[in-house]
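For reference, Swiss-Prot has these:
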type    : residues                                             : note
BINDING : Gly32, Arg35, Arg116, Asp159, Arg162, Arg165, Arg168 : CTP binding site
BINDING : Gly32, Arg35, Arg116, Asp159, Arg162, Arg165, Arg168 : ATP binding site
BINDING : Asp45, Asp47                                         : Mg(2+) binding site
Amino acid sequence: MIVENIPDEFKKALPILEKIREAGFEAYFVGGSVRDTLLGLPIHDVDIASSAYPEEIKQIFSKTVDTGVEHGTVMVLDHGTGYEITTFRTESTYQDYRRPDKVEFVRSLEEDLKRRDLTINALAMDDKGKIIDLFDGLKDLKNGIIRAVGNPEERFHEDALRMMRAVRFGSQLDFKVELDTFNAIKKNSHLLEKIAIERIHVEWVKLLLGKNPKQGLQEFLDTELYKYCPLFADKYAELKSILEFSDFKLNTEEECWTLLSDVFKLKDTDISNLLRSWKSSNNIIKYVIAASLCVQKIKDSKLDIETYYQNGIEIILTANQIAKIRGFGMDDNELKNNYDKLPIKSRKEMKINGKDLVQEAGVKPGKIMGEILNKLEKEIVFGNIINDKEILIENAKKLLEEKV
């Protein structure tokens, strides 16, 4: 097969391939960028594989960066763009189901492609657009099939994360995991415990954000991978209930965790425990806790001015996306209009600050000043006083007399 219209991202890298070939070595585009080109999807990173060893690549190009020489990877800098070139390699035994004991550089493209995870990712393309397909990856792309390269158990023993990648690609591409690969995942699902949570986290979120998350989630459950993910082992029924939602589209990681928190019926501390076990950032945790409270307020028709002001429109819309999936969402435009009606969106928009209170209202720095600012802020938000400096100073003086 020949790719007639090679994407610009590849065209820009063609001089790299040509220079390697002129030096007497093979070089091909490989991996996800080739797969996505064949699927008509936008491509991101352009990866190159070559028969040249790292030291040979460094002799061919004047500007290189050692990004992973021990694994055969060198970055070539070309007109401000970096291209990672990885030497064809084979990998020996895997003691821990995630890292090879030994990486051996080879001159054979076939040997390199044999060690890749899935047939759809084991495709290469030369500088003329010709596709090298040694494992029927093109057929699987056409038929929407996720299949391990060669013996699936061997692939999953090499890196157990590949099991999560398989079901993630099922969601991302709306493909189905073929039977032998599926059975190998189910048989070896316990090996997922060997993998760092951070790596599983990435695949899990990509699964939920995929084109057909129900497909990926169904296979995630059926293969029993869920049993070996943090705090999911006893959540089969809750996870399965997500499959029953008719409108199931998530757009951000925050939406993913907010939906799960709602389905699991978690409160603040439980949400924090779940997300910490998945190694989420503190910012994500705070965001999801806030959004989860807003989901409940939407459900109870208790979205008030204070909720809009304290959370901001982004968190409100995240909550509403989950509310819509759950069947009780509001119109986004109505929410935006309500938010836009707020007199101020944050304390920074107040026409006075602590310095003004000191100089013009005689307020001394300290607890009283904080209380006065809080009171004035709340009065502005609720529309009880206008956000005008003179008016605010007068109100500050009154509050000072009353000691707030």
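Yeah, the Cβs are placed from backbone N, Cα and C, and that goes for glycine too.
Features as recorded by Swiss-Prot, highlighted on the structure.
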residue: Gly32; record: CTP binding site; Cβ contacts under 8 Å, 6 or more apart: Ile43, His44, Asp45, Asp47, Asn121
residue: Arg35; record: CTP binding site; Cβ contacts under 8 Å, 6 or more apart: Ile120, Asn121, Leu123, Gly137, Leu141
residue: Arg116; record: CTP binding site; Cβ contacts under 8 Å, 6 or more apart: Gly31, Ala122, Val149
residue: Arg162; record: CTP binding site; Cβ contacts under 8 Å, 6 or more apart: Asp117, Leu118, Ala148, Arg155, Phe156
residue: Arg165; record: CTP binding site; Cβ contacts under 8 Å, 6 or more apart: Asp117, Leu118, Glu203
residue: Arg168; record: CTP binding site; Cβ contacts under 8 Å, 6 or more apart: Glu203, Trp204, Lys206, Leu207, Gly210, Gly216
Provide the three-state secondary structure of Asp159 (CTP binding site) computed with DSSP. coil
Pick the one among the binding-site residues Asp45, Asp47, Asp159 whose Cβ has the fewest other Cβ atoms within 10 Å in this structure. Asp45
DSSP says Asp47 (Mg(2+) binding site), in three-state terms, is strand
